[in-house]
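**Q** Let me begin by handing over the structure; questions about it come next.
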Amino acid sequence: MIDSNISLSTITTTPLSYRDRITFEFGVYGTCVVFNLFLCIFFVCRPHLLRTFKPTIFFVTLGTFVLSLPLFFLQFYLVFFLWSLVEPRYSIAVCTFVKCITSCTTSCAQVLPLPVAIYRYFIVVRNRKMPSWFVVVVHAFISVVFFVIATLNFPLGEFETNDQCAILRFSKAMEAVRISLTLGLNLFAVFINVAIYTFVKKYDKRNVDVHRRRVQLTYSMLLQSMIPILVSIPLLVGSFDFYFGYTLPSGFTSRWYASTFLSPFLTPISSMLSLRTIRHELLSVILSSSCFASTRKISNLIKTSKTNVAPQSSDYSSA
């Protein structure tokens, strides 16, 4: 039972019982964030790729990294103190704000493929020239919507018990809106990318080289927009237990839901690996390390065997 005298200024804690769960989450999420940082550095160190993919793949990669940092630092903070056998203490207002904002930034990161899809729809289907900052403006508008949803937990929520905070202010309705909006925007991104892919395959064949690159990039963007949906399926299934009281296996609720934490790495890497230009650059970076010295010789042999193949343009700036 929650005391009726509780207010937003009441002190709450993160119990030690939360330690194992947050440690597992941080292990998965933190690893993905670090890998995402490496992908950002990879682009920055290759200006030709940065210029070409700045409003598409690089925007999603950098945006995912930046928006992942709030949750990353929160998890690090909790893991550090809980393993020091110290239960972090804060007011209910602070704990609620931090939890809602990190949920907000997580959703903002997951819908990053949507501004890119809209941007490419205007360029490819509508044949309009769009500035690269267009994707930033569209995503900023979406982020404001998620931020409003997060703040509405205060006036519309009720005091609830929680794993992360012993007590916090929480609105199940707003959480349902956040999850539904995230899923809906991701599905909309997939729909737009399918429309672009259909247009490119059927109608846009005026230039063979540009057409080839547009098909490749569109397929890459389509795959990228599907990743946030796929990794969120366990979390969506888990919501049935949260909202409707359906009993799920303990192993599922304690482990598989964490697949959503793979999104910071899988979302950008899926599009990068699907493009041969970037895939070859990534492979060269891996093979350049001393750990792959022997593999590098094999790679050189493969490259030598392909010297007679006519090179294909790798400029995707018009795609």
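Glycine is treated like the rest: Cβ placed from N, Cα and C.
Dumping what TrEMBL says about this protein:
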TRANSMEM  26-45  transmembrane segment
TRANSMEM  57-84  transmembrane segment
TRANSMEM  90-112  transmembrane segment
TRANSMEM  133-156  transmembrane segment
TRANSMEM  176-200  transmembrane segment
TRANSMEM  221-244  transmembrane segment
TRANSMEM  256-275  transmembrane segment
**Q** Give the nonlocal contacts of the transmembrane segment (256-275) in its own chain as ranges (CB under 8 Å, at least six residues past its ends).
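**A** Residues 24-25, 28-29, 31-33, 35-36, 39, 56-57, 60-61, 64-65, 68, 106, 109-110, 112-113, 216-217, 219-221, 223-224, 227-228, 231-235, 238, 282, 316.
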**Q** For the transmembrane segment (26-45), what are the same-chain contacts with Cβ under 8 Å, counting residues 6+ beyond its ends?
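**A** Answer is 53, 57-58, 61-62, 64-65, 68-69, 71-72, 75-76, 78-79, 258, 261-266, 268-269, 272, 281-282, 285.
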**Q** Near the transmembrane segment (176-200), which same-chain residues lie under 8 Å Cβ to Cβ, leaving out any that are not at least 6 residues past its ends?
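**A** Contacts of the transmembrane segment (176-200) (Cβ under 8 Å, skipping residues fewer than 6 from its ends): 103-104, 107, 110-111, 113-114, 116-118, 120-121, 124-125, 142, 145-146, 149-150, 211, 214-215, 218-219, 221-222, 225-226, 228-229, 232, 235-236, 239, 243.
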**Q** Which residues of the chain, 6 or more past the ends of the transmembrane segment (90-112), have a CB below 8 A from one of its CBs?
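**A** Long-range Cβ neighbours of the transmembrane segment (90-112): 6-14, 59-60, 63-64, 67-68, 70-71, 74, 139, 142-143, 146-147, 149-151, 153-154, 157, 159, 162, 164-165, 167-170, 175, 178, 181-182, 185-186, 189, 228, 232, 260, 263-264, 267.
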